[in-house]
Amino acid sequence: MSQNSELRQSFIRFAVEAGVLSFGEFVTKAGRTSPYFFNAGKFADGALLGQVAQFYAKTLLDSGVEFDMLFGPAYKGITLASATAVALAGLGRNVGFAYNRKEAKDHGEGGSLVGAKLQGRVVIVDDVISAGTSVRESVELIRAAGATPAAVLILMDRMERSGNAVDIGERSAVQDVQAQYGMPVVSIANLDDLLGYLDNAGDPALAGYREKAAAYRDKYGVSAI
C-alpha cells in the first residue's frame, strides 16, 4: 500500500471512530437512500480538529499543488482553513489564510474578507462539495481580489453523480467544479477508499454495508478522477 493510500485509509478509520462517518440508511438532500453518512460537524473538539488538520495538510502537500495561501468559505471552511494553516506551519510550510463573512461589516476593518490579504495562488478549504455554490462564491471573491484560485481541498469526495434519485446527471459536483474552473479538487478520501475500508474492516457489523455501498456506487457513482 502506498503512503497516499495509507493516509486515505487512516482517515476513513479515523472518521468512523470519531462517529463522523456512519453506516445505516440515510436519505440525502437529493432524495437518494445512502448506506453511509458523512457529517463533518462532528469534528467538534480540539483533538479531533487537530487530527483533521493534519490530514488536510499532509494531503495538500502530497498533492503537488502549488499554493501561497488558504481560503476558508463561511462558515465551516473558516475553522478548517485556519486549523490547516496551523498544521502546515507545524510541517514547515507557513502560509497565510483568509475567510469571508456572510455579511460585510461597515465598521472596524469593514468589508467581507478577514485575515491575510488574498494574493497569489489560493487553495479553498471546505468539507465537501455538494452543489458547488460555496466554491463558486469563493472563486469570485478570490478573483475579485486579484488572486488566483489554485485548487479546492475537501475531506470526502462522494464520487456521486448530480441530480436526484430519478434524474441522474452525467458528472459529479466535483467533476463539474474541475471542468468549470479548470482547477483540481483534492480530497483526503473518496468513496473508493470507503469501499476499501469495508473490504478490510474485519467487523461483522460492517460486512453487510460493503454490498450496499458497492450497489450505491454502481447506481450513482462516477469514475475515479
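A Cβ is built for glycine as well, from the same backbone N, Cα and C atoms used for every other residue.
Database features, via Swiss-Prot:
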type    : residues                                       : note
BINDING : Lys29, 75-76, 101-102, Lys105, His107, 126-134 : 5-phospho-alpha-D-ribose 1-diphosphate binding site
BINDING : Phe37, Phe38, Ser130, Arg158                   : orotate binding site
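Taking the C-alpha positions, the distance from Lys76 (5-phospho-alpha-D-ribose 1-diphosphate binding site) to Ser130 (orotate binding site) comes to 14 Å. The full span of the recorded orotate binding residues, Phe37, Phe38, Ser130, Arg158, taken as their largest Cα to Cα distance, is 13 Å. Apart from the site residues Phe37, Phe38, Ser130, Arg158, the chain places the Cβ of Thr28, Ser34, Tyr36, Val128, Met156 no farther than 8 Å from the centroid of the site's Cβ atoms, the recorded orotate location. Contacts of Ala131 (5-phospho-alpha-D-ribose 1-diphosphate binding site) defined by a Cβ separation under 8 A and a same-chain sequence distance of 6+ are given as Ala173, in order along the sequence. The two recorded residues, Asp127 (5-phospho-alpha-D-ribose 1-diphosphate binding site) and Phe37 (orotate binding site), have Cα atoms 13 Å apart.
Ile129 (5-phospho-alpha-D-ribose 1-diphosphate binding site) is surrounded by 24 other CB atoms, counting those within 10 A of its CB over all protein chains shown.
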